[in-house]
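**Q** I grabbed these lines from Swiss-Prot:
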{"type": "COMPBIAS", "residues": "317-331", "note": "compositional bias 'Polar residues'"}
{"type": "COMPBIAS", "residues": "360-373", "note": "compositional bias 'Low complexity'"}
{"type": "DISULFID", "residues": "CYS54-CYS192", "note": "disulfide bond"}
{"type": "DISULFID", "residues": "CYS187-CYS198", "note": "disulfide bond"}
{"type": "REGION", "residues": "317-381", "note": "region 'Disordered'"}
{"type": "TOPO_DOM", "residues": "2-23", "note": "topological domain 'Cytoplasmic'"}
{"type": "TOPO_DOM", "residues": "98-155", "note": "topological domain 'Cytoplasmic'"}
{"type": "TOPO_DOM", "residues": "229-381", "note": "topological domain 'Cytoplasmic'"}
{"type": "TRANSMEM", "residues": "24-44", "note": "transmembrane segment"}
{"type": "TRANSMEM", "residues": "77-97", "note": "transmembrane segment"}
{"type": "TRANSMEM", "residues": "156-176", "note": "transmembrane segment"}
{"type": "TRANSMEM", "residues": "208-228", "note": "transmembrane segment"}
Amino acid sequence: MGDWSALGRLLDKVQAYSTAGGKVWLSVLFIFRILVLGTAVESAWGDEQSAFKCNTQQPGCENVCYDKSFPISHVRFWVLQIIFVSTPTLLYLAHVFYLMRKEEKLNRKEEELKAVQNDGGDVELHLKKIELKKFKHGLEEHGKVKMKGSLLRTYIFSIIFKSICEVVFLVIQWYLYGFSLSAVYTCERTPCPHRVDCFLSRPTEKTIFIIFMLVVSLFSLLLNIIELFYVLFKRIKDRVKSRQNTQFPTGTLSPTPKELSTTKYAYYNGCSSPTAPLSPMSPPGYKLATGERTNSCRNYNKQANEQNWANYSTEQNRLGQNGSTISNSHAQAFDYPDDTHEHKKLTPGHELQPLALIDARPCSRASSRMSSRARPDDLDV
């Protein structure tokens, strides 16, 4: 058997760029195929032709009978099978090496452009193009190649080709000599004078190895199928996830903590706020001076809107921002549906008036003495 170290070193590099199923497949290939084929199987088939005997003295009869019984040696057949099955993996490895070389070139070019940028050159467009190329080839992480794009397609192609090779070689093996060996082979072929019987050495041992290699081939085929479905499922999942991210971006507008902490937009009439469940209510003893009031929560929306405009106008006047103050006449009239009343809109003659707070409580004596504001019933001194 030849030296398998060169093929082993190449396949060992694929471990860093394979999925979990691919790593298991490589382990099966190394341990149960190459190792067993290089040690036990070769010694079992070492005397294959020399121990093949026929009950005839006719020169050349044994050679033609051996050629008819075994068109190709089992050992050489399995060597060809390993080579063909490993070829797609080697092609995938070649693609990985190509991307790594591409990354080295892009990194050198990027360093040159950054040096030009440090000198004051405008190379932002070229740097962005290099970043796009790295992202396209899956090179956005330094020193690691991501399985995406063309590399992912190459990997899927390698899995499919490996599976096809496994099936084809199993069919060929079954067609040539089946999955077991007989102790006696009958041969009737020129230059044999008549039908002769030929005998094979250690047929049971060889049959065991044939079944073992058959099981390993079926197991490798199963691993390839599982890995193929895993890669395809992951690819579909990533596409659906990326599509959802594009349709529903995570960056939604939300109120700032400053806006949430302000209490200038109050809600009254005993109805809770639609956005903030714990909104400040009116102080006890105070009432809103509104036109017509109902107990329906639908009217609360209209009153809250009027109160908000009044508060906003008062704050603008207090800050002294003349010219930007919004008068009540600019407030838009909102229609609120009601099941029992008709929709009413504000007419130009009925403008919204600021909501005033009416003190329904009598002032205490202490507050009267402490207050420095003149009252109508105060005595003139």
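Placed from the backbone N, Cα and C atoms, the Cβ positions cover glycine too.
Mind mapping these onto the model and telling me what they sit next to?
**A** In sequence order, CYS54, THR56, GLN58, CYS61, VAL64, CYS65 constitute the residues six or more apart from CYS192 (disulfide bond) in its chain with CB-CB distances below 8 Å.
Cβ-based neighbour count (10 Å, all protein chains) for CYS198 (disulfide bond) stands at 20.
Across the residues of the topological domain 'Cytoplasmic' (2-23), the predicted structure has a mean pLDDT of 69.
Through the fold, the transmembrane segment (156-176) approaches residues 25, 71-72, 77, 80-81, 84-85, 87-89, 91-92, 214, 217-218, 220-221, 224-225, 227-228, 231-232 of its own chain, all at least 6 residues removed from its boundaries and within a Cβ separation under 8 Å.
When Cβ-Cβ distances below 8 Å are used as the criterion, the transmembrane segment (208-228) is approached by residues 19, 21-22, 24-25, 28-29, 32-33, 36-37, 40-41, 44, 74, 78, 81, 85, 156, 159-160, 162-163, 166-167, 169-170, 173, 179-181 of the same chain, each at least six residues removed from its ends.
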**Q** Under 8 Å Cβ-Cβ from CYS187 (disulfide bond), six or more apart in the same chain: what's there?
**A** CYS54, CYS61, VAL64, CYS65, LYS68, SER69, ARG195, VAL196, ASP197, CYS198
**Q** Including all protein chains displayed, how many Cβ atoms other than that of CYS54 (disulfide bond) lie within 10 Å of its Cβ?
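**A** Step by step: centre on the Cβ of CYS54 (disulfide bond), count other Cβ atoms within 10 Å, giving 20.
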